[in-house]
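Asks: Copied straight from TrEMBL:
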- 86-420: domain 'FAD/NAD(P)-binding' (DOMAIN)
- CYS123-CYS128: disulfide bond (DISULFID)
- LYS132, GLY198, THR227, GLY228, SER229, ASP405, MET411, LEU412, ALA413, HIS414: FAD binding site (BINDING)
- GLY264, SER265, GLY266, TYR267, ILE268, GLY269, LEU270, GLU271, GLU287, GLY360: NAD(+) binding site (BINDING)
- 439-550: domain 'Pyridine nucleotide-disulphide oxidoreductase dimerisation' (DOMAIN)
- HIS541: active site, proton acceptor (ACT_SITE)
Amino acid sequence: MQSSFSLSFSQPTTVPRSNHTFDSLPFAPSKPINLRFCGLRRETLGFFSLSRSHSCRGLQLPSPTRSKTISASLADNGSTPKSFDYDLVIIGAGVGGHGAALHAVEKGLKTAIIEGDVVGGTCVNRGCVPSKALLAVSGRMRELQSEHHLKALGLQVSAAGYDRQGVADHANNLASKIRNNLTNSLKALGVDILTGVGTILGPQKVKYGKAGFPETIVTAKDIIIATGSVPFVPKGIEVDGKTVITSDHALKLEFVPDWIVIVGSGYIGLEFSDVYTALGSEVTFVEALDQLMPGFDPEIGKLAQRVLINPRKIDFHTGVFASKITPAKDGKPVTIELIDAKTKEHRDTLEVDAALIATGRAPFTNGLGLENVNVVTRGFVPVDECMRVIDAHGNLVPHLYCIGDANGKMMLAHAASAQGISVVEQVTGRDHVLNHLSIPAACFTHPEISMVGLTEPQAREKAETEGFEVSVAKTSFKANTKALAENEGEGLAKLIYRPDTGEILGVHIFGLHAADLIHEASNAIALGTRIQDIKFAVHAHPTLSEVLDELFKSAKLKTAPSCSS
């Protein structure tokens with residue numbers, strides 16, 4: 001989803017994880033911003049350096065010029081209100097806004113949440129929730145279609161089939177159920193749900209309303225922006241929502257193509273390749289970089305390719321851009337022009353049934369009125385490590401925060417929720433800096449991939465800069481009794497650590513239920529637990545958790561283990 005790295009607004013780092021950059025977007029960033037990897041770790045590559053002991057109050061910001069006192073542009077925006085309608089107003093009712101609202105109520109804040117679309121945002125309606133419903137189907141189909149696997153368990157099953165509409169309904173019904181649950185939880189706790197598009201008018205002032213209807217102005221002591229993101233479509237690609245689609249369209253599963261190209265091999269692309277191949281499609285990946293899954297730890301990515309791609313009906317083109325994609329029409333197929341990523345010379349033309357654009361997501365900030373508080377975005381809303389919004393002069397905008405995909409720190413739903421909770425802690429008088437290095441990420445393929453902290457190359461780069469040694473430990477699922485009982489021994493867990501201190505730098509898992517297993521490692525990082533202590537933890541036998549038990553026990557430390565914390 002990093003408090004130990006340094007933040008530099010003058011020299012941002014570009015993470016080479018996307019198939020395209022943002023040169024076609026209206027906000028025209030000064031440098032490319034890459035988004036295909038949903039768990040984008042900007043901090044891990046040198047974006048933040050605030051230790052957890054620092055305070056979010058009175059923090060001086062690094063900026064291209066000398067740090068200034070907190071201020072905001074009041075010109076043309078009126079004066080700051082003396083009394084407020086709400087303690088907290090949240091613009092956006094996705095997972096991040098919902099988490100912030102619930103925590104705010106718990107802290108006794110009078111809270112309102114503004115939602116212009118539907119409660120739940122991208123995650124519930126067009127992302128995490130419906131995609132997991134489809135992946136649940138693909139997992140069952142893979143089990144039923146694997147004659148070798150079933151025979152090894154002594155099972156016999158007739159040919160498996162599926163009803164496309166029934167699968168689509170499962171995803172839609174799940175999203176609807178979760179959306180209703182979120183709405184009901186907000187109402188039950190007394191959170192006001194204000195319907196309409198929220199726009200910041202000035203310091204501590206927001207207006208909202210639907211197009212064609214009168215707008216309402218409300219004031220709040222603090223405001224949180226939680227507007228999320230939308231699919232990013234590179235220039236040259238024409239999306240018709242039928243044969244050339246984004247993940248938003250794909251989740252509706254209106255048809256299952258015989259042959260589909262997926263542009264981008266990050267989280268989104270990998271998960272949909274799992275779904276489509278399980279339902280009978282052939283898949284072709286188009287990836288701009290020289291290897292597939294560039295955002296993952298290289299060793300994990302290599303194993304995942306061997307298991308998730310090579311045996312399946314998947315081929316791929318690497319080191320190429322999809323420079324032009326034309327939807328199918330008048331009986332003609334979808335056409336995809338491929339050019340060399342380096343030379344820009346034409347490489348190939350593909351004619352397929354459909355194309356899925358999985359090149360990431362772009363922050364949604366249109367109509368927010370950020371210009372009214374002198375904030376300029378280059379894609380993401382600029383914030384400090386405490387999620388406080390920064391204006392065009394490097395000053396903090398009082399009482400204005402931004403969480404989730406819109407700030408780009410880590411484009412994960414649970415990261416947005418954690419950031420929202422962190423902000424509420426701050427506005428209720430408690431110092432809180434979220435350690436982004438402790439936030440896990442997962443890809444829900446079959447088997448799953450999960451990770452927390454640094455990849456091995458990132459850890460070694462950090463070690464070289466800061467002058468310490470890095471060690472790596474590994475364990476295999478093939479040595480785990482529970483995995484073997486399930487006939488699912490394919491998998492690897494990898495620990496990256498400092499042998500001198502026992503600090504956990506990163507953990508990466510590929511295997512059965514990897515997304516569930518990662519939390520022991522993420523919690524250890526969050527709590528500052530060292531390997532010499534966690535290796536004494538007791539795990540039930542036989543369980544998959546013993547994969548991590550063996551992983552921590554296999555670490556070779558230069559300090560003697562201790563039985564005390």
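Even glycines carry a Cβ here, placed using N, Cα and C.
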Asks: Ranking the recorded positions LYS132, HIS541 by other Cβ atoms within 10 Å, which is at the bottom?
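Replies: Among the recorded positions LYS132, HIS541, the lowest count of other Cβ atoms within 10 Å belongs to HIS541.
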Asks: Could you tell me the mean pLDDT over the domain 'FAD/NAD(P)-binding' (86-420), as a whole number?
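Replies: That stretch averages a pLDDT of 93.
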Asks: MET411 (FAD binding site) to GLY264 (NAD(+) binding site): how many Å between their Cα atoms?
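Replies: The Cα atom of MET411 (FAD binding site) is 16 Å away from the Cα atom of GLY264 (NAD(+) binding site).
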Asks: Which one is it: of the recorded positions CYS123, GLY264, GLU287, HIS541, whose Cα lies the shortest distance from the Cα of THR227 (FAD binding site)?
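Replies: Minimum Cα distance from THR227 (FAD binding site) across CYS123, GLY264, GLU287, HIS541 lands on CYS123.
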Asks: Could you state the CA-to-CA distance between the residue listed as 'active site, proton acceptor' and LYS132 (FAD binding site) to the nearest Å?
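Replies: One finds 29 Å between the Cα atoms of these residues.
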Asks: Determine the minimum-neighbour residue: among CYS128, LEU270, MET411, ALA413, listed as recorded positions, which Cβ has the fewest other Cβ atoms within 10 angstroms?
Replies: CYS128
Asks: Can you name the residues of this chain that are 6 or more positions from CYS123 (disulfide bond) yet have a C-beta less than 8 Å from its C-beta?
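Replies: When sequence neighbours closer than 6 are ignored, CYS123 (disulfide bond) has GLY94, VAL95, VAL129, ALA413 within Cβ distance under 8 Å.
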Asks: Going by a 10 angstroms cut-off between Cβ atoms, which of the binding-site residues THR227, SER229 has the sparsest surroundings?
Replies: SER229
